[in-house]
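Below is one structure, written out as structure tokens, with a few remarks after it.
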Ligand SMILES: Nc1ncnc2c1ncn2[C@@H]1O[C@H](COP(=O)(O)OP(=O)(O)O)[C@@H](O)[C@H]1O
Ligand SMILES: CC(=O)N[C@@H](CCC(=O)OP(=O)(O)O)C(=O)O
């Protein structure tokens with residue numbers, strides 16, 4: 001890139017830095033977007049940069065594929081109902097070990113490597129995520145429905161200059177540990193802490209009019225259009241909970257929710273600090 005273009009990129013970022021500095025942004029990093037170490041490093045480095053320019057980031061992570069791999073290693077099959085993992089008592093132990101142990105601590109270490117100061121937490125720490133058993137037509141075992149978010153641990157960590165990295169196992173009022181979908185947890189956290197934006201990073205460009213055509217991206221959605229998009233059959237499968245999370249976050253006061261492509265290096269920076277935007281934005 002020539003020197004003028006480089007300067008333009010920085011100048012273009014200025015109004016966005018001014019707008020978001022001092023604000024809180026919740027980023028959900030999905031397991032399918034953690035496809036390789038180079039990408040993971042790029043995401044951690046982007047978040048470290050955001051913190052440096054004064055944006056308070058809460059990073060909520062998934063890890064579905066890592067849980068599947070560990071279940072397979074111990075000879076257990078992964079089962080899902082409507083996108084939720086059927087979580088029996090052996091599985092909840094593995095979910096806790098993989099999310100709050102392996103994935104969370106690896107991301108913390110990687111963030112530190114990129115100069116960001118990070119503290120790893122899960123929903124059990126300081127009773128941050130309180131849940132009840134999710135009741136659906138199928139019995140999903142230890143899958144929780146979040147009833148309460150206690151933002152104090154996050155605020156303490158942020159106020160002390162750290163980036164909180166959150167694994168989404170929750171504490172049950174009944175004393176059990178519950179498994180919570182990471183998109184849903186991120187939306188609840190964003191609403192509770194008054195985040196300016198919720199960014200869901202996944203492994204597709206965004207909401208597509210035709211799921212098999214990456215060129216059919218819908219860039220902007222007013223949340224009132226969502227019921228119609230569902231009736232038309234455009235929103236389906238794994239997209240349904242993601243879109244519901246975006247709608248819920250926006251309706252709870254988060255100004256913008258975005259679904260962006262975690263396969264593109266530095267997609268968060270493009271979304272946050274350029275005129276271009278990327279993925280699908282809900283308002
Ligand atoms: N209209 C649509 N546009 C984009 N993706 C869609 C659409 N309908 C269904 N999907 C599916 O939703 C998936 C994303 O959800 P999911 O796999 O649960 O993501 P993650 O693991 O990142 O949480 C896409 O990979 C795609 O297969
Ligand atoms: C209840 C439920 O399904 N929980 C998820 C939690 C992890 C997650 O959401 O990870 P991704 O974002 O990578 O899909 C699971 O067990 O896979």
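The backbone N, Cα and C atoms fix where each Cβ goes, and this holds for glycine too.
Caution: TrEMBL annotation is automatic and unverified by curators.
These figures come from a predicted structure and were not determined experimentally.
According to TrEMBL, the domain 'Aspartate/glutamate/uridylate kinase' annotation covers 24-261.
In the three-state DSSP assignment, the secondary structure recorded for residue 28 (site 'Transition state stabilizer') is strand. The site 'Transition state stabilizer' annotation in TrEMBL covers 28 (among others).
Summarising the annotation, TrEMBL assigns substrate binding site to 63, 64, 85, 179. For residue 85 (substrate binding site), applying a Cβ distance below 8 Å and a minimum sequence separation of six or more within one chain yields 64, 67, 78, 79, 91, 95, 140, 143, 179.
Under the heading site 'Transition state stabilizer', TrEMBL lists 242 (among others). Residue density at residue 242 (site 'Transition state stabilizer'): 26 other Cβ atoms are found within 10 A of its Cβ, drawing on all protein chains shown.
Among the record's substrate binders, 63, 64, 85, 179, no two C-alpha atoms are more than 12 Å apart, and one pair sits at exactly that spread. Neighbour list (residue 63 (substrate binding site), Cβ cut-off 8 Å, at least 6 residues apart, same chain): 31, 34, 98, 99, 102, 103, 167, 182. On its own chain, residue 28 (site 'Transition state stabilizer') has 60, 61, 62, 182, 183, 186, 198, 199, 200, 201 as residues at least 6 apart in sequence with a Cβ closer than 8 Å to its own Cβ. Of the binding-site residues 64, 179, 179 has the largest number of other Cβ atoms within 10 Å of its own Cβ.
Taking a Cβ distance under 6 Å to any atom of ligand 2 as the criterion, the recorded positions 63, 85, 179, 242 reduce to 63, 85, 179.
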